2 protein chains.
Amino acid sequence: MPSLDEFGRIRLWTAGRQTADFLTRSGVELGIGDDAAIVSGCGAEREWLVTADTMIEQVHFLDETMGEADVGFKALAANVSDIAAMGGEPKFALVSVCVPPAWDAQRMRRLYDGLYECAERYGVAVIGGDTTSAPQHLVVSVTLIGTVEAGRAIRRSGAKPGQSVFLTGPTGLSAAGLHALRRIAAAEGAERAALTDWLSPRLAQAHRRPVPSVKAGRILALTGWGASLNDVSDGVASEAWEIAEASGVRLLLKEKLLPLSGELSAYASGNGLDAADLALFGGEDYVLLGTVDKSREAQLRERFRPEGIPLFVIGEVEEGPPGVEWEAADTGLRKPLAKQGYNHFAEGAM
Amino acid sequence: MPSLDEFGRIRLWTAGRQTADFLTRSGVELGIGDDAAIVSGCGAEREWLVTADTMIEQVHFLDETMGEADVGFKALAANVSDIAAMGGEPKFALVSVCVPPAWDAQRMRRLYDGLYECAERYGVAVIGGDTTSAPQHLVVSVTLIGTVEAGRAIRRSGAKPGQSVFLTGPTGLSAAGLHALRRIAAAEGAERAALTDWLSPRLAQAHRRPVPSVKAGRILALTGWGASLNDVSDGVASEAWEIAEASGVRLLLKEKLLPLSGELSAYASGNGLDAADLALFGGEDYVLLGTVDKSREAQLRERFRPEGIPLFVIGEVEEGPPGVEWEAADTGLRKPLAKQGYNHFAEGAM
């Protein structure tokens, strides 16, 4: 796997981070340090889920908006969120980094601090990876393997007419946090200090330390009530479109049902932004968007409640050509919802 | 996993490349297109092997020395070689690419052509990945999952005093190929044409289309005769050091036993290079370096023969502080072998 002095670096970043006991209990028979890791089978009653997600400097994050530990945390969290969106449990991670000269040993150490913080929170064993130099921009590519009870994985293709569309939390907070952090980065002196004072910690945290919804995904899979499911990595509109197209149905989302957090509304109105736009098109909130039979809605809300997970019904599934429509709160009129995703730092994205 | 218009690109590069029948037989229940892929369990009698390897433009390859399809082929082949070095069978790949502006749809299509060519040759199902833009340099990060019979994986820590050290093929060809390709890239006009004419196809091929040793690894694992094993990704010296350190033994390698191919010797002598240096320190040959009990050497050679796999015994394992020694052919004197790896395009690497 890695080349000679890579091993020294990998050891520096990874040695002693996770106990032998934890790794053994996780099914790791051989971890970092050979050509490949060895993990024991999950048994016939479970299936494996596998996902990969890459973060690259200047595309997914900027030095000014994310600390090194945030980058490490979020690189793994994005993958945990994908496993959550299938109803699975995260298990094993491989971490590949391409390190440019500007990322010295101290910065990389902090990146791994954040990555292992996320690993510990979600019980993930880090079993391998690769490290190489990079000419200019840092790249962190994580592969995550999870498991789920056979036949229980929730696909995005399971939405059916008559079901309710739900969210497990408000959205748009990460996008608003990014907007605020970029404004701060662009400001100077007293203005910068004032903007920093004014920044809601919850918005900054939503962008830097997103919280994957593993528990909600597990409940949806184990009860069998989750008919279709996505994590909101690219924004509600984009994820709704994916479910609509994969399932061959139309999703109707209603403005009056869309949850808007107080922090989001305050930030939007103070900055001339539309809160609903942020909630619909802003990505990386890592709550879940899915569909559930109307007959299970109340039961699902009851199951979520003791875990502190909200259930916001935001619309319904209809027959029709695949697509997503948006019903305005004031007029009750419908219009197609743009199939627009989250564009990170694209021109004018926010 | 990927964001909105990423799906369009992924479809363009991956759709229709592998048949539904092949994917189903491979155990893929859900492939590219959801938050995570679903693969069925390998059963209690098998274990999983997981490895990741990244190739980055200007670090692992140059436009002048590798075609796009070569890059794709080699990105997967490097991972197949890691699974081979554990004695396993490659099964499922995830492919993450970070695409800079200079890599347009045509070039990426050719990259995937090469990647799928390698996948087909080794029976690998491509089940997912991630694609994102990159500011400047292409990054291809592949994760490969393989399986092996429980308890049969060959670790690098299994070398014991008294065993023979073997190679499953000559080395140094990829490094010589790279050297030649870089000379051609730096030359102009008639000199360039002459160098190109003179280039041995086998050397160029060794660098661009390395051949992982899956069959040899399987024989070593299934017979149980492979005591320790590495693929020669970073050069014989580097891999020997890894086995020595992981096993707590000394490896003695003998100049008179080191296989040197005719192409390598001819290229080295025609260019003022030392063939043995290339064979010891040049990487990416993807043959296997391992150790075997002396009592099994003849049997192993017999098992390899009908498969066309050579067995070169190049030294032996001794007690002693972990390290690697080199015995000169002319004097019979020993000296420590530098723990030097393959440095790709580092200053003075070749």
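The count begins at 1 with the first shown residue.
Any Cβ shown, glycine's included, is placed from N, Cα and C.
Where the annotation comes from TrEMBL, it is an automatic prediction and has not been curated.
Quick look at what TrEMBL lists:
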type: BINDING; residues: A:ASP35, A:THR51, A:ASP82; note: Mg(2+) 4 binding site
type: BINDING; residues: A:ASP35, A:ASP82, A:ASP231; note: Mg(2+) 3 binding site
type: BINDING; residues: A:ASP53, A:ASP130; note: Mg(2+) 1 binding site
type: BINDING; residues: A:ASP53, A:ASP82; note: Mg(2+) 2 binding site
type: BINDING; residues: A:HIS60, A:GLU284, A:TYR342; note: substrate binding site
type: BINDING; residues: A:TYR112, A:GLY129, A:ASP130, A:ARG156, A:SER233; note: ATP binding site
type: BINDING; residues: A:ASP234; note: Mg(2+) 5 binding site
type: DOMAIN; residues: A:33-148; note: domain 'PurM-like N-terminal'
type: DOMAIN; residues: A:160-321; note: domain 'PurM-like C-terminal'
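Chain B lies within reach of A:ASP231, taking the binding-site residues A:TYR112, A:ASP231, A:GLU284 and requiring a CB-CB distance under 8 A.
Confidence in the domain 'PurM-like N-terminal' (A:33-148), given as mean pLDDT, stands at 92.
The binding-site residues near A:GLU284 (substrate binding site), taking a 10 angstroms Cα-Cα threshold over the set A:TYR112, A:ASP231, A:SER233, A:ASP234, are A:ASP231, A:SER233, A:ASP234.
Annotated pair A:ASP35 (Mg(2+) 4 binding site) and A:SER233 (ATP binding site), C-alpha to C-alpha distance, rounded: 32 Å. Cβ contacts within 10 Å of A:ASP130 (Mg(2+) 1 binding site), excluding its own Cβ and spanning all protein chains shown: 26. Taken through DSSP, the domain 'PurM-like N-terminal' (A:33-148) splits into 35 helix, 48 strand, 33 coil. Among the binding-site residues A:THR51, A:ASP53, A:ASP82, A:TYR112, A:GLY129, the ones whose Cα sits within 10 Å of the Cα of A:ASP231 (Mg(2+) 3 binding site) are A:ASP82, in sequence order. Among A:TYR112, A:GLY129, A:ASP130, A:ARG156, A:SER233, the residues given in the record as binding ATP, the maximal Cα to Cα distance rounds to 32 Å. Closest in space to A:ASP234 (Mg(2+) 5 binding site), of the binding-site residues given as A:HIS60, A:TYR112, A:ASP130, is A:HIS60, taking the CA atom of each residue. Around the Cβ of A:ASP82 (Mg(2+) 4 binding site), the number of neighbouring Cβ atoms within 10 Å comes to 29.
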